[in-house]
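Everything on this sheet refers to the single structure shown next.
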Amino acid sequence: MSTSKEIFTQIEELFAENSKGFVTYEKLIKLFDKAPTATAVKKIETLAKTHKVQLISAAQIAKMRNLADAKKRQKEAEKSQDVDIDDEFDLTGDTDFLEWSRSDSPVRMYLREMGQIALLTKDEEVEISKKIELGEDIIIDAFCSVPFLIDFILDYKEPLINRERRVKELFKSFEDENEEEEDDIDSDEDEENEDDTDTKPKKNLKNDKRAEKVIESFKALEKAKKEWLKTANKQTDIDETDILANLTLAFKKKILKDKLMDLGPTSKLISEIVKSMETALKSDDEFDRELKRLEYRLPMFSDELKKNHKGILKDILKLNKEDIIARVPEATMVSTYVEIKKLFQTKEASKSGFNLEPAKLKEVLEQIKRGKKISDEAKARMAKSNLRLVVSIAKRYTNRGLPFLDLIQEGNIGLMKAVDKFEYRKGYKFSTYATWWIRQAISRAIADQARTIRIPIHMIETINRINKINRKYMQEEGKEPDVSVIAAEVGLSIDKVKQVIKITKEPISLEAPIANEDDGKFGDFVEDKSSLSPMDHILKNDLREQIDDVLSQLNEREKAVICMRFGLLEDESDRTLEEIGKALNVTRERVRQIESSAIKKLKHPKVGRKLKNYIEG
C-alpha cells in the first residue's frame, strides 16, 4: 500500500508529464488505494493549478474522441471517392505477388509470406502488450459506464452454474483451471462406470470446485455495481470542476472495473454483447423511419399543430381511440395516430434489455468497438511476428499422424492463446512464454486427431510411459519385458497394463492390400460368421431342390397354400389362414381344408422318403 507522500509524488510526476494539458479523473484515481479525502483533493487542486493541468472525466474524452473519429471517417469517405480503381488494384509491379501466384505449394506460399514479417524486439513486445491492455481497458471502461451492461454480464450467472454455457468460453479468469480435466472427464467416466451411466447424476457446476469462485466473483461484481450506482445517483449532474465529487465517483468506478477485470470477459462474450447492442440500435432506427413515415401523413402546418402532436406522442401509450379523437383537430388524423400508437406498443414490447437512449447506446457501442479494434490489431501484430516460431516448433512433430499444415494451424491456435495470456511485466520475452503454449496445442492435436480412434490425453501419457519402459528394457535385456515387469515399473495393475497395451494397437483397414504384387485385401482373410460355409451352402441348395421336387406332387392351389403356410416363399415368413384366404380369395375354412388335403399327400411314404434324411440330420 502506497503512503500519502508517495501518492502525491506520483501525482506531481503525472501532472508534470501532462503540463498544460489534461488528466482524467479515472487515471488519477488509479494512484489511490482508498477514496481521497477533502484535504487530499485540495492538494490535488493546487498541484493541477501549478502545472496548468485540466482535470476531466473519461466520458468527456470519449465524446470528443467519437466526434473526432466521425469527422475522420467522413474525410476518408470523401477521399475514397476520388481513388482510381485501376490504380488501387494494379498488381503488375508487385513481384512478390507474381512469384506467389506461380507457386503451387500452399506451405511454400505461407512460409514466403510469413518470412516478410519482421520480428519484434523486447521493447516492441512491451509496447504492443500495452496497446492490448489499453484496448481492453477502453472496453471495460465502456461496460462500467453503463450499469445495464453489467446486468447483461450478471445474467450469465445461472447458465454458467447449470452448465448451459462453458465458463472458460466467457471469462478468462477460469480458462486455465482444469482445462484438460474437462476434456477427458467423459472418457474417465465411461471407462470406469460403463454400466452405471443411466443411474449417475448429471454433473453441473454446483458440484464443481469452481462453483464457489464463480458465484463469489459475480456477487462481488454485483455489489460493486450497486455501490457505484448509489454514488452516481446521489451525484447527478456533477460539475467537471468538482474534484472531490468526480474523484469519489471515479473511485467507485475503479472498484467496479477491478471486479470486472478479475472476471476478464473474453472476446466471445464481448462479441455477443456488441451483437445484442447492434440489434437494439437497428430496431431503434427502424422505429424512427416508420414514425417519420407516419408523421409525413399528418398535416402539421402551424406551430400549434406541431405542439399538439408532441403532446399526443408523449401520452400516446395512455390514450385510447376516444381520447385521440378528442385531442386531434381533424378526424382524418385519427387512423394515423392509432397506427402510431401500435408502433409505440410494438417498441415497448420488444424493448432492449439495455434500457438506454439510442444516442447513449450508440456512443457506448462505438467505445467498445474502438477498444476492440485497438486490442485486436495489437494481438494480430504480436501473433504475425511470431509465426516463424510456430513453424520451427511444428517441424519437430512431423510424421506423427498429422499433416504439416495442420500442425502449423494447431500451433497458431496455441500462439493466439499465448498472446491473450502474455504478461509483459514479468520480464521475459514473448517467444519464451509462447513456446509452451504452441507445444501444448500441437501435442494435444496429435493426441486428439492423429489416431482413427481417439485416446484420452491421460491414456496417451500412460502409453508413452509404457513405451519408454519397453525401449529401455529392450536395450538392457535384449528382449521385450513381461507385462508384470511393466506393471511394477508403471505402478499399475497387470489388467490395467494389458488394457492399455490393447488400446495402443492401431486399427487396420479391411481394404488394406496384403502385398504389393497381390490383389488380395486384408478383409478377405477375416472370418465372416454371418455367412454360410461352402458345405452348408451346398446342403441348403440341395434341400431346396428336394422340397421343390416333393411340392411338384401337389396341384397349384395346394402348393401355394403349403408354401405360404410354412414360409417356403422368398420372404420366408409364415402366414395365417386368414392372410392366405385373402391372397387366394377363399374362406379361412377352405384354406384349412386345402392344407389338410396337401399334408395327407405329403405324408405318403413314397413322397416323404426324399426328405427323411434331412430330418434325421
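Numbers run from 1 along the shown chain.
Cβ coordinates are placed from backbone N, Cα and C, and glycine is handled just like the others.
Where the annotation comes from TrEMBL, it is an automatic prediction and has not been curated.
Annotated region 'Sigma-70 factor domain-2' per TrEMBL: 382-452, in sequence order. Per-residue confidence over the region 'Sigma-70 factor domain-2' (382-452) averages out at a pLDDT of 90.
Sequence annotations record features per position, and here TrEMBL assigns domain 'RNA polymerase sigma-70' to 406-419 (among others).
Residues or ranges marked as motif 'Interaction with polymerase core subunit RpoC' in TrEMBL: 406-409. DSSP places the residues of the motif 'Interaction with polymerase core subunit RpoC' (406-409) in helix, strand and coil in these numbers: 4 helix, 0 strand, 0 coil.
TrEMBL lists 461-537 with the feature region 'Sigma-70 factor domain-3'.
Per TrEMBL, the feature domain 'RNA polymerase sigma-70' maps to 576-602 (among others). Note on the domain 'RNA polymerase sigma-70' (576-602): DSSP counts are 23 helix, 0 strand, 4 coil.
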- Query: Looking only at the region 'Sigma-70 factor domain-3' (461-537), what are its DSSP counts of helix, strand and coil residues?
  - Reply: 44 helix, 2 strand, 31 coil
- Message: Which sequence-distant residues neighbour the domain 'RNA polymerase sigma-70' (406-419)? Criterion: at least 6 residues beyond either end, Cβ under 8 Å.
- Response: 110, 132, 379, 382-383, 386-387, 389-391, 393-394, 397-398, 430, 433-434, 436-442, 444-446, 449
